[in-house]
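Listed in TrEMBL:
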- 9, 10, 11, 12, 13, 14, 15, 16, 17: ATP binding site (BINDING)
- 5-215: domain 'Cytidylate kinase' (DOMAIN)
Ligand code: DC
């Protein structure tokens, strides 16, 4: 069994930035489970299926193969043999992932892949249900959050830096809607595990958050 750190929290809380840095400092593998849901979302978008069309989404899961490889320490996500890593982080893909991740068959499809990675490696795994559902016996559980305003501003800065056209109000609205969906779905909703350590990063710098989390890890 690997040493497992679970890091859950809402969209834009900084989970991936922080988890990558903790992984580097501690020598763990960083596993981004949102990227797996995003890869499936690309599959559904390519097929032109609406997220509300649950039956077709479930059917489409059958011919989707999501796999993870590590190249120079960075996670690469493959969808049916194609490296889709560069296509994952758009708002369209994120919204599709948020909607379709509520479907139990979609979650089931990725569960074994996530558990297998944690079994074989020392990992810091980020997502929504890692501490509550995927790795209930994780060695350390972190619930990382921040205010909606802070998260919207961070997402805005990230998209601007990539040269994407975006609107701060719209991003804040999207974040609220995504929180609502992620926290209120029936299957594996986002919530803090009872034994998770709460870290609110609204007024913390990145090094402060990394150091706080590292202090709880082996
Ligand atoms: O972390 P992210 O923004 O890349 O995740 C995209 C969506 O995928 C998110 O809105 C909810 C879903 N997701 C999930 O349901 N469970 C996870 N473990 C990770 C992501």
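Backbone N, Cα and C define each Cβ position, glycine as well.
Sequence features annotated in TrEMBL and their locations in the structure.
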{"residue": "9", "record": "ATP binding site", "CB count, 10 Å": "26"}
{"residue": "11", "record": "ATP binding site", "CB count, 10 Å": "24"}
{"residue": "13", "record": "ATP binding site", "CB count, 10 Å": "26"}
{"residue": "15", "record": "ATP binding site", "CB count, 10 Å": "27"}
{"residue": "17", "record": "ATP binding site", "CB count, 10 Å": "16"}
Inset, instruction - Measure from each Cβ of the binding-site residues 9, 13, 17 to the atoms of ligand 1 and list the residues where some distance is under 6 Å. - result: none
Inset, instruction - Note the Cβ centroid of 9, 10, 11, 12, 13, 14, 15, 16, 17, the recorded ATP site, then list each other residue of that chain whose Cβ lies within 8 Å of it, in sequence. - result: 18, 126, 144, 146, 151
Inset, instruction - Averaged across the domain 'Cytidylate kinase' (5-215), what pLDDT does the model get? Just tell me the whole number, please. - result: 96
